[in-house]
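**Student:** Have a look at this one.
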Amino acid sequence: MLKTLHVRFMAKVMKRAKCPLVLSFPYLLQVIWWCCLPQATSLSFDYDFSVPGVLAGADLRYMNDSAALQDRIELTNYSRSWSTGRVAYGKAVRLWDESTGKVASFTSNFAFAITPATSNSARGDGMAFFLGPYPPSMPTDARGGHLALINNRDNPANKDSPRTVAVEFDAFKNAGWDPDGTNCHIGVNVNDIRSAETTALPDGFFNGIMSASVRYDAQAATLSATLRLDDPPGQSPYTVSANVDLRNVGLPQEAAVGFSASIGDLVEKHQILSWSFQSSMTDSKTKGTSLIAGLVSSGLLILLAIAVWLGYRQYVKRKGKNIHDNIPEDADETPLDDQDMDSELEKGTAPRRFSYSELWRATRGFSDDEKLGEGGFGAVYRGFLHDRGLHVAIKRVSKMSSQGRREYIAEVTTIGRLRHRNLVQLVGWCHKADELLLIYELMTNGSLDVHLYKSRDILTWPIRYKITLGMGHALMYLHQEWEQCVVHRDIKPSNVMLDSSFDARLGDFGLARLVDHSRGAHTTMLAGTKGYMDPQCAVTSRASAETDVYSFGVVLLEIACGRRPVIQELEDESRMVLVEWVWALYGRGALLDAVDARLDGEFDAREMERTLLVGLWCVHPDYGFRPSIRQAMSVLQFEAPLPELPPEMPVALLYVLPHPHGRYGSSYTSSSTATSASTGHRRQQECHPDEADSVDNESDPRQDRACSVHAAQLS
């Protein structure tokens, strides 16, 4: 710790020096000397998720279908087949230190449950404790018996999996690689789904709450695990052990640690109830050897530093050029006016900071060949972090964006704190060399926009409906389940990403705003995308949960119809708004005529009807008649009846009302009425707006003095 603080202090001094190369040389020698001293690196945490508030405050990363419940972590979505999930600790664990020869020993204790999800006695597949590259990521095709650990190598399209060491708790026998003689076993896996060592368990063993302890002995290079069944207590434990040298199996020095699980056609629940982890470094060399090596290394490094410093001065005098071979000269220097931004961003715990040079190399100098796309806030590049074996997507915020800095900070400080299986995970960030960059986990199937409009392969209806539900779950988390109400403000198909299983992941939180649950609207500058922006917001500049619901409704109609918000291919070459077109078909009793013709009639009519009707319900011109996202999801999941909508699309009217403080506020109503399917009245807002700005248009006596204007005429 002392060494780390000293290095950080010296780095700040050098940054602020007027002539950093000349004035900071004595400090450079001190930094080198301190860097040669032995390091003591350890990691320790202890989470009991049954204690209120522990899970919410835990530094964890959720991937794919994993999710945090009130008192446990659910690794898979047992409501459907072929689900996968991972959860990992938010920080890396140091496995060894090449400079000192130290290797980490660790112990991890955890309680978990594997239980039936249905009445079917046959179930699978299992879960695992794993070590892998950091930041953690999901394998692209590791469903079923692959336990979300290793890609299915029978599929020639799959690339090699990241290096992984694991202890697996396997509840289903796969003939291709699992041991004979039992359906259940524990095993140690090293870069392979076939266990290096196994211990057989009785059939049906995984059925309840269990405790496990995984230990790595650095000096003996041994990984072992002990498994106990908690109910009934007093049973003899089962153990497995294998010789594993973590330095020689391809893992990086800093690795991710966590759990993975998957299911196939047969389903079961995989839950983590508590988790502790402790690691410490042990020296693999003698103290005398380390001391001599340290002194020799220090002397050589000091001489080398002098030579480099003198050579650099001469080079600068002669050439006046940068020595970093096309990497911008200030690539890893933070401008002084960015200190406040550093402080703001580093308040978060999950995303880590990357160096600009690392991202430069990962994208091959931000090559056009690696560009995935470009939008209003900049370009997105594919990257590969070689030292971590991780594929990522890197958004390079445009320097021409007038709000680039603000959106960048909003994205890191907002999405960096959110954890849900239907949100894109932010891996890290960087603002060096006058660049603003955001690093995300790479979504292998791109965006919904591409699959709806630019791909030759047509999305089948089951996949579309799964995407619809995934988006809804993401919004329900943002609006109602997180500590604050998060208003996304830019929901559209290009911001809905699809992972390897075509599960929806909502991304791009550059326009997102946090709103207290006691306040439902947020007055702000106009923002969003034409066609998806609530007309009310265009007039009042008030972002709220209802404006997100409107955008969600537009996307639902797009998914069902396969058409953009503005239809341009009508026979008379005129243009029509998608919402108006679908509502007109609904009024004529021909709602299913709006269905995407490319589906060729292959869809579930009940699901399609609910998607279209909920879409229209969400885009109701009067936001007071729109559902909350929870109400919309209840209908989509067949938990509530269909909404009753008027056959003609209501016309939105703007009422300008006196404000209590002498100003004027704006509110919407409509020229025709509709009732909520569940209450028969206008819906009460989930996030209640400020009393000074909220108006009940059905009972307010001031309506007689309102000024009504057709929404379509407003600009």
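From the backbone N, Cα and C atoms, a Cβ is placed for every residue, glycine too.
Per TrEMBL, the feature ATP binding site maps to LYS395. The feature compositional bias 'Acidic residues' is assigned by TrEMBL to 328-343. Taken from TrEMBL, the feature compositional bias 'Low complexity' covers 666-679. Marked as domain 'Protein kinase' by TrEMBL: 366-623. For 324-343, 666-715, the entry in TrEMBL reads region 'Disordered'. The transmembrane segment annotation in TrEMBL covers 291-312.
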**Student:** Going by DSSP, is the residue listed as 'ATP binding site' part of a helix, a strand, or coil?
**Tutor:** strand
**Student:** How many other Cβ atoms sit within 10 Å of the Cβ of the residue listed as 'ATP binding site'?
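**Tutor:** Within a 10 Å radius of the Cβ of the residue listed as 'ATP binding site' lie 25 other Cβ atoms.
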**Student:** Note the mean pLDDT of the domain 'Protein kinase' (366-623), expressed as a whole number.
**Tutor:** 83
